[in-house]
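A.B. asks: After the structure tokens below, expect a handful of questions from me.
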Amino acid sequence: MEDDIAALVVDNGSGMCKAGFAGDDAPRAVFPSIVGRPRHQGVMVGMGQKDSYVGDEAQSKRGILTLKYPIEHGIVTNWDDMEKIWHHTFYNELRVAPEEHPVLLTEAPLNPKANREKMTQIMFETFNTPAMYVAIQAVLSLYASGRTTGIVMDSGDGVTHTVPIYEGYALPHAILRLDLAGRDLTDYLMKILTERGYSFTTTAEREIVRDIKEKLCYVALDFEQEMATAASSSSLEKSYELPDGQVITIGNERFRCPEALFQPSFLGMESCGIHETTYNSIMKCDVDIRKDLYANTVLSGGTTMYPGIADRMQKEITALAPSTMKIKIIAPPERKYSVWIGGSILASLSTFQQMWISKQEYDESGPSIVHRKCF
């Protein structure tokens, strides 16, 4: 497909927005899903201060701004800010006119009906797109792995879902949601680093901790054993240089932080860990398809990028499942972007072209058309 008529694929996550053209193998634009507004009144005349900043620009000016995330736990909560993010995506990042391209958007599993209608309305009425479609994130991740049946454990910055999918259809009764994801792990790492005597408190410092988490954390295969190793030797210690040149050392925090995914009690939460949530999701499905789900457990999203997570998942699910069951955890290397990649694949299929909701259909039926055409 040529860029001039290619569909646009926009995956709006709680933490990052991924956008690009259908048919590409990676998103062209990846930026933080944040809108920043100045904390103080501007004093310099002619500075051309804006009343809001989006994405990387908001991130770089974070010292003078109040940062807001319009997507919380995977679901849009602030539509005015969301519109700003979409505007920024089309005009500043991709530099396209949205009225010339079909747009594929993604949504969280179990997204409220009113939300998808609102998305549809904004696309057609504010941005005048010729056609659009809304796809469920986890289903796209599964497509990206070349499957149509499996269970996806999708964990991003704001929310974690386990979504069983059979022959391309998500099974809503078996989808489970866990409000524990990347942002919570960053906050937890801030807390345990504070116990070490390092102080991280502001929203700007939180970004530094997020970087430490992404560069140094990993999942232990056996937590207790790893704790013992960390206590008896310094082999697990790593150092990290802060922006001001100070060097900090981090030891057992490296695996204590993501361990919270398996033991949410670390964060004071009473929910099950990701392994148990995945198992519970499978158990809510028909007994005949469970075998296919166990053998096709796909990890997706940035919070599944920790080294060691697939082996640990394999070990934990094997312990829960029937002893003869074949269990396979699929962790594609590009899983950070697999939702976007799945969208790119879907939107460029010739068989998909009749699935778009056109402007004409929208004008005839209104926003509720989205429930009839996107499932």
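Placement of Cβ uses the backbone N, Cα and C atoms for every residue, glycine included.
From Swiss-Prot, for reference:
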- M1: N-acetylmethionine (MOD_RES)
- E2: N-acetylglutamate (MOD_RES)
- M44: methionine (R)-sulfoxide (MOD_RES)
- M47: methionine (R)-sulfoxide (MOD_RES)
- H73: tele-methylhistidine (MOD_RES)
A.B. asks: Over all shown protein chains, what is the count of other CB atoms within 10 A of the CB belonging to the residue listed as 'tele-methylhistidine'?
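C.D. replies: Excluding its own Cβ, the number within 10 Å is 19.
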A.B. asks: Per DSSP, H73 (tele-methylhistidine) is which: helix, strand or coil?
C.D. replies: coil
